[in-house]
Each structure stands twice: as structure tokens, then as C-alpha cells.
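The feature region 'B' is assigned by Swiss-Prot to 49-77. Under the heading disulfide bond, Swiss-Prot lists CYS54-CYS96, CYS66-CYS109, CYS95-CYS100. Marked as region 'D' by Swiss-Prot: 111-118. According to Swiss-Prot, the region 'Disordered' annotation covers 120-153. Swiss-Prot lists 125-138 with the feature compositional bias 'Basic and acidic residues'. If you look up Swiss-Prot, you'll see 139-153 marked as compositional bias 'Polar residues'.
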Amino acid sequence: MGKISSLPTQLFKCCFCDFLKVKMHITSSSHLFYLALCLLSFTSSATAGPETLCGAELVDALQFVCGDRGFYFNKPTGYGSSSRRAPQTGIVDECCFRSCDLRRLEMYCAPLKPAKSARSVRAQRHTDMPKAQKEVHLKNTSRGSSGNKNYRM
């Protein structure tokens, strides 16, 4: 009797295993399809080469590439450049009218500024004036006010 009662259990297990195998086969086939689709899109974009960027797309790309440094629309020129030079080309000429790549965009990024120490930043703030200077400044501004009617002669 043990074999008879286990027969339905074995049939259920066998059918369930076959169902899982089919399900796994379908899932793996769909995964393979999506994987092939992704690879195809990557290879076609890799062979497409540089693109043209204009307007807001160009600005967005420059902001992404340069980050906090900022960027120039024209190539920065050195001091003392001659006035008889060729007309200056900018990022629009290079990336909108023609195609450009990432290296070309990076050429228009502003240079990195050296980090300032906490002391030099504090020295530049106008709120850190000595107390005596603040008081003098306040006294001088209140002299000519017409709201104060206590004039001394």
C-alpha cells in the first residue's frame, strides 16, 4: 500500500518538475532575448560614433562632463594673443555643426580651482570685521538720519 499512496505523490512531483523545467526554459529564453537585445543596442551605439549636440542638449552634456568646474563656450585663450588670428571657433561650431566626442567636450571645461583653506575664506568675509570698525560704521550711518531730532549745537 505504501507504493500505491506514493504513486500520486510521485506523479505530482514529476508533473511539477516538468512544469518548472518548462517555466525555467521560457524564463531563460526571455532572458536570453533581452540580453541579446541589450548587446545589440550597445554594439550599434558603439559603432555610431560621436553625435551632434545642440542647444539644451549641449549645455546638459557640458554640465554633466564638467560638473562643478563650469565650462566655456569659447576655448580659453592665453594673455597677449595677437589680433590677426583666425576667427575663434567655439563649442557650438565643434559639437553642433559637426560631431564631437567626450574628449572634445572636456576641452571646454573650466580648470579646477585650488581648495581654499578655512582661514583664507574667513579673512575674505566682510562680517568678520573687528568690533570697533562695526561700531564706527554704525555711528557714522546714524548721524545724518532725520528721524533723530535731538540736535546739539
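Cβ coordinates are placed from backbone N, Cα and C, and glycine is handled just like the others.
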- Would you count the other C-beta atoms found within 10 angstroms of the C-beta of CYS95 (disulfide bond) for me? 23
- Item | Neighbouring C-beta atoms (10 Å sphere around the C-beta of CYS100 (disulfide bond)) | 21
- Item | Residues that sit under 8 angstroms from CYS96 (disulfide bond) by C-beta distance, when 6+ apart in the chain | THR52, LEU53, CYS54, GLY55, LEU58
- CYS66 (disulfide bond) to CYS100 (disulfide bond), Cα to Cα, whole Å, comes out at 15
- Task: Only counting partners 6 or more residues apart, tell me which same-chain residues put their Cβ under 8 Å from the Cβ of CYS109 (disulfide bond).
- Result: LEU62, VAL65, CYS66, ARG69, GLY70, PHE71, TYR72
- Note on the structure: Quick tally, other C-beta within 10 angstroms, CYS54, CYS66; top of the disulfide-bonded residues is CYS66
- What is the three-state DSSP composition of the region 'B' (49-77), stated as helix, strand and coil residue counts? 15 helix, 3 strand, 11 coil
- Message: Taking DSSP as the reference, which of helix, strand or coil describes CYS96 (disulfide bond)?
- Response: coil
